[in-house]
Amino acid sequence: MSPLHVVILAAGQGSRMKSSLPKVLHPVAGKAMLHHVVDTAKQLGAEKIHTVIGHGADQVRASLEDDSVNWVLQTEQLGTGHAVAQALPALPDDARVLVLYGDVPLTRKDTLETMVADLDERNLALLTVDMDNPHGYGRIVRNEQGLVQAIVEQKDATAEQQQIQEVNTGILAVSASHLKQWLPALSNSNAQGEYYLTDIIAMAVDHGLSVTVSQPLNPFEVQGVNNRLQLAELERWYQRQQAERLMTEGASLADPARIEVRGELTIGNDLWIDVNAVFEGRVSLGNNVVIGPNCVIKDATIADGAEIKANSVIEGAVVGANAQIGPFARLRPGTELAANTKIGNFVETKKAVVGEGSKINHLSYVGDASLGRNVNVGAGTITCNYDGVNKHQTVLGDGVFVGSNTSLVAPVNVAEQATIGAGSTITRDISKGELAVARGKQRNIAGWERPKKA
């Protein structure tokens, strides 16, 4: 089969977005619309992806460093036909060419695979959709036998043609050799003075090609974004699809309308996810995991039976089986928690490896640290890991007990079963089983009186 090349049109200004950010870089599910389209093209096995850029070209190019993308500059925006023509020099004559759009981010791979499955020199493949309100879209004109004859844009359509409810999505596929023959012959003699890519449909019919039509499972797959309202509508549809998938796969959601999946979320069975949970990047949740309300979890692995309580933020961390996190805890990148650990309220960890059964229950910061098994860290404990230039390591052995309001000035090594008295500032290593107390001596002054106002 001839190679597949994908041309993505991403040169438009997007003035209705009212934004300095190029339209195709506005996010859906936490990822730029254009990046969704590029990822789909990769999943199709495209030999090369040609992305036509114009407005904000430097910004768009800088957003995606990818060797599989060939950037094509359209200096003047003269219509979709003109945009595709800019990519012609990079298209091999024997290639099959699929045209996608940078502001139509959620077309499914399966939909496109079906569309191009039988594409060859003898046909042109078209993706259409039926709409109750087709205003603004190009209409699919068929003959009495039901065969596609042309696409007529809204501004050029007759009153009769405007009653047609089957509309053009803009997505089509055809051989590169045909594109190289037809695109130079396009005319801009139309209501908008543009070179319409859709005019090649009539050319294909005139040259005896058959026009094969397929449709997506859901119209939202091919919904484009021209303003922030449409962006929000697309986001809600996507999130509803994610919620339905999660419930099908074994999660119970407190409210399917109040969950955000902005990446790849994989789950086990019998999960509970409360309202306003946000999942970003690659997140894996094991069996029987509980996610409390208002949690944000990014690029993390949560093992079986773990409970993430309300208002906790986890990023770049591994949480072991049956661990308890929060409420109001923050696990930063590099945190690795073993099974049965507990990270309580207002605790922050960073590059901290915490052994099985260890607890950091309240109001503490543990960074650049290694904790053994069954360590107890009292409230208000701080690892002083930064000297203004470098970060230093704190090591607590198995069974260490750290009293409340302790400062551990790194680098410092506390051996197993050692105990640190509350209120201590530890600057030296502590040997196995020792008690360390490092605080000012208490003085009680008899007969002292509080100052009085003059």
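Keep in mind that glycine also has a Cβ here, set from the backbone N, Cα and C atoms.
According to Swiss-Prot, the region 'Pyrophosphorylase' annotation covers 1-228, on the basis of sequence analysis.
Contacts of Gly102 (UDP-N-acetyl-alpha-D-glucosamine binding site) defined by a Cβ separation under 8 A and a same-chain sequence distance of 6+ are given as Ile8, Leu9, Ala10, Gly12, Lys23, Val24, Met33, Leu34, Val37, Thr51, in order along the sequence. Marked as UDP-N-acetyl-alpha-D-glucosamine binding site by Swiss-Prot: 9-12, Lys23, Gln74, 79-80, 101-103, Gly138, Glu153, Asn168, Asn226, Arg332, Lys350, Tyr365, Asn376.
Look at Swiss-Prot and you will find Asp103, Asn226 tagged as Mg(2+) binding site. According to DSSP, Asp103 (Mg(2+) binding site) is assigned to coil rather than to any helix or strand. All protein chains shown were included, and the count of other CB atoms within 10 Å of the CB of Asp103 (Mg(2+) binding site) stands at 25.
Residues or ranges marked as region 'Linker' in Swiss-Prot: 229-249. For the region 'Linker' (229-249), the model gives a mean pLDDT of 98.
According to Swiss-Prot, the region 'N-acetyltransferase' annotation covers 250-454.
Per Swiss-Prot, the feature active site, proton acceptor maps to His362; the stated evidence is sequence analysis. According to DSSP, His362 (active site, proton acceptor) is assigned to a strand segment. Residue density at His362 (active site, proton acceptor): 15 other Cβ atoms are found within 10 A of its Cβ, drawing on all protein chains shown.
If you look up Swiss-Prot, you'll see Ala379, Asn385, Tyr386, Ser404, Ala422, Arg439 marked as acetyl-CoA binding site. Under a cutoff of 8 A between CB atoms, and with a sequence separation of 6+ in the same chain, the neighbours of Ala379 (acetyl-CoA binding site) are Asn361, His362, Leu363, Ser364, Ser404, Asn405.
The Cα atom of Gly79 (UDP-N-acetyl-alpha-D-glucosamine binding site) lies nearest to that of Asp103, taking the binding-site residues Asp103, Asn385, Tyr386, Ala422 as the candidates. With a cut-off of 8 Å between CB atoms and residues at least 6 apart in sequence, the same chain places Gly421, Gly423, Ser424, Thr425 near Arg439 (acetyl-CoA binding site), listed in sequence order. Of all the binding-site residues listed here (Asp103, Glu153, Asn226, Arg332, Asn376), Arg332 has the Cα closest to the Cα of Tyr386 (acetyl-CoA binding site). Each of the binding-site residues Gly12, Gly79 was scored by the number of other CB atoms within 10 A of its CB, and the lowest score belongs to Gly79.
Distance between Cα atoms for Asp103 (Mg(2+) binding site) and Asn385 (acetyl-CoA binding site): 46 Å, as a whole number. For the pair Asn385 (acetyl-CoA binding site) and Glu153 (UDP-N-acetyl-alpha-D-glucosamine binding site), the Cα-Cα distance reads 65 Å.
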